[in-house]
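Heads up: the structure comes next, in structure tokens.
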Amino acid sequence: MNLVLPDVSLAPMLPVLLVLVGAIVSTLGGFWLPRRTLTALNILFVLASGASLVWLWGGAPWAAGMDVPRSAFAGALRADPAALLLGGTVLLGALLTLLVSLDTAYRARVSFAEFDALLMYAVTGCLLIAFSGDLIVMLIGLEIMSLASYVLATLQDSRRSQEAGLKYFLLGSVGSAILIYGLAFLYGATGTLNYAGIAQQVSALDPQNIGILVTGTLLVLSGFGVKIALVPFHQWTPDVYSGAPTLVSLFLSTVVKVAAFAGMLRVFGGALAAGPGWHSVLQILVALTLVIGNAAALYQQNFKRLLAYSAVAHTGFLAMTLLGDTAQGGAALGYYLLVYTLMTVGALAVVAALQRTEEGLTINDMRGLYYRHPAYAVALAFCLASLAGLPPFAGFFAKYLAIQVAFQAGYLLISVLAVLSSVAALVYYLRPAMLMFMPDRTPAREYAHGQRPATNVAVALSLIGIVVLGLLPNLWYGWVASPEIWRLLAGT
């Protein structure tokens, strides 16, 4: 009898392994390495992981002629184009977060050793989700990401941070339990955990198993709904984003959200693309998310809570892309996630740079910002305009693509609602933007002092990204719109 060994090629795992090594180095060396050295090392690990993505894509000069394997462990891990694209967005968000942390973590009273280690573990989980080829790997990545994120939310020694972390843990745990329960139903209906196997079974499913499949699908949708803050599973978002350190809020609203949508795209855009029932339910949830997210944001005075409800509204736009064709929807989602990461990092990096404590800036605190920090005021105004979807910024084209996907898929009411919600968003985005350029002889708040070179680099990169991708959207969309990127989404 011949012993058949599983495929254990490490090449598809290289981006994940490099970040994991960074996490281990932070864990072991965080208590004796200087704080800037530790963060600089993690930045190098993230850049190395990004370089490995380029190598796996085949775009690196040293990779010419090399036969690079695309999967490992019998397809459980897949380095397909969609994984590389979404993984690159995850790494970009992590890189910008680390840059901002160099200048602002000490003010937030956050331990560099703990912050860097937990962040790198969370990024490891995020990459596992993007590279997953079956439900087990996706679930492992999701739990690694979630557990590290729960602790990150509590890192600051304050009651608000502890409360935020507890709420995030409780509601996130419920979401994970629902998701696991749903995955069990999917396995019961299809008899496989592999995305490609599930897609094949769904297309030729025994009628007796349709009820089990629909139940599992709706449970999985609900579990992911908690992770991405889809209404009515969004209740944790404003409290966690406003109570956690701004650095952590930045990470949760970008990297974690990108990874969660990568998982949703794998499951609903690949394995369950032909599954029954979930499109109608997701349509209703998207409508609720657009309405409630924008309506709640109109009444916020705390700037981070405003951005939290804004994130809920953007979740609605991001989820709209899942309603359409996998190739078109995947391209729109890939573009939107990159743009959303840049916009959100830019806005929250400015907040992190300005605030002296973690009590949070109010909208009135923005009055007269231009006369004290003109560069930050202009950068924040550009980010808010892009979040609102105003041309010529990249946020306009991102929202346009999401609406186009829904419209061409036949969801006319959702498309109209998305347009109306974009108009409503102008009110709460432009209010702080206008206050920043109004003179104020008696400022309500004293901003933080000192040089913030790393944060300035992160803000500048974000600003350049949203302007260039707005003026020349095909620089990114023309690439991600290739059907070949999304053809292998289910692992087929």
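Using the three backbone atoms N, Cα and C, a Cβ is placed for every residue, glycine included.
According to Swiss-Prot, the feature transmembrane segment maps to 13-33 (among others), an assignment based on sequence analysis. Long-range contacts of the transmembrane segment (13-33) within the same chain: residues 41-42, 45-46, 48-50, 52-53, 55-56, 72, 77, 79, 87, 91, 94, 112-114, 116-117, 120-121, 123-124, 127-128, 131, each at least 6 residues beyond the stretch ends and with a Cβ under 8 Å from a Cβ of the stretch.
Sequence annotations record features per position, and here Swiss-Prot assigns transmembrane segment to 43-63 (among others) based on sequence analysis.
Under 8 Å from some Cβ of the transmembrane segment (82-102) lie the Cβ atoms of residues 15, 19, 36, 39, 42-43, 46-47, 49-50, 53, 56-57, 110, 112, 115-116, 119-120, 123, 126-127, 130-131, 247, 250-251, 254-255, 258-259, 261-262, 265, 330, 334, 337-338, 341, 345, 349, 352-353, 454-455, 457-458, 461-462, 480, 485-486, 488-489, all in the same chain and six or more residues away from its ends. What Swiss-Prot records for 82-102 (among others) is transmembrane segment.
According to Swiss-Prot, the feature transmembrane segment maps to 110-132 (among others). Beyond the transmembrane segment (110-132), the same-chain residues lying 6 or more positions past its ends with a Cβ under 8 Å from any Cβ of the stretch are 12-13, 15-16, 19-20, 22-23, 26-27, 30-31, 35, 38-39, 42, 45-46, 49, 76-79, 82-83, 86-87, 90-91, 94, 97-98, 101, 138, 140-146, 148-149, 151-152, 155-156, 195, 245, 247-248, 251, 255-256, 258-260, 262-263, 266.
Feature annotation from Swiss-Prot assigns transmembrane segment to 136-155 (among others); the stated evidence is sequence analysis.
Taken from Swiss-Prot, the feature transmembrane segment applies to 169-189 (among others), supported by sequence analysis. Using a Cβ-Cβ cut-off under 8 Å and counting only residues 6 or more beyond its ends in the same chain, the transmembrane segment (169-189) has close neighbours at 135, 139, 142-143, 146, 149-150, 153, 198, 201, 205, 209-210, 212-213, 215-227, 233, 235-236, 272.
Among the features that Swiss-Prot reports, transmembrane segment is placed at 210-230 (among others).
The transmembrane segment feature in Swiss-Prot is assigned to 245-265 (among others).
The transmembrane segment feature in Swiss-Prot is assigned to 272-292 (among others). Residues 186, 198-199, 202-203, 210, 213-214, 217-218, 220-221, 225, 230-232, 234, 312-313, 315-317, 319-320, 322-323, 326, 411, 413-414, 417-418, 421, 490 of the same chain lie 6+ residues outside the transmembrane segment (272-292) yet bring a C-beta within less than 8 angstroms of a C-beta in it.
What Swiss-Prot lists as transmembrane segment is 306-326 (among others).
Cβ atoms under 8 Å from those of the transmembrane segment (331-351) belong to residues 82, 85-86, 89, 92-93, 96-97, 100, 246, 249-250, 253-255, 257-258, 261, 265, 303-304, 307, 311, 314, 317-318, 321-322, 324, 361, 376, 379-380, 382-384, 386-387, 394-395, 397-399, 401-402, 404-405, 455, 458-459, 461-463, 465-466, 469, 473, 476-477, 480-482, 485-486 of the same chain, restricted to positions at least 6 beyond its ends. Feature annotation from Swiss-Prot assigns transmembrane segment to 331-351 (among others); the stated evidence is sequence analysis.
For the transmembrane segment (377-397), the residues of the chain that approach it from at least six positions outside its boundaries are 310, 314, 335, 339-340, 342-344, 346-347, 350, 369-370, 422, 425-426, 429-430, 432-433, 436-437, 459-460, 462-463, 465-471, 473, 477, judged by C-beta separation under 8 angstroms. Residues or ranges marked as transmembrane segment in Swiss-Prot: 377-397 (among others).
Listed by sequence, the residues of this chain that lie at least six past the ends of the transmembrane segment (245-265) yet keep a Cβ under 8 A from its Cβ atoms are 82-83, 86, 89-90, 93-94, 96-97, 100-101, 104-105, 108, 110, 115, 119, 122-123, 125-127, 129-130, 132, 138, 141-142, 145, 149, 152-153, 155-156, 161, 224, 227-229, 304, 307-308, 311, 315, 318-319, 322, 330, 333, 337, 340-341, 344-345, 348-349, 351-352, 355, 358, 489.
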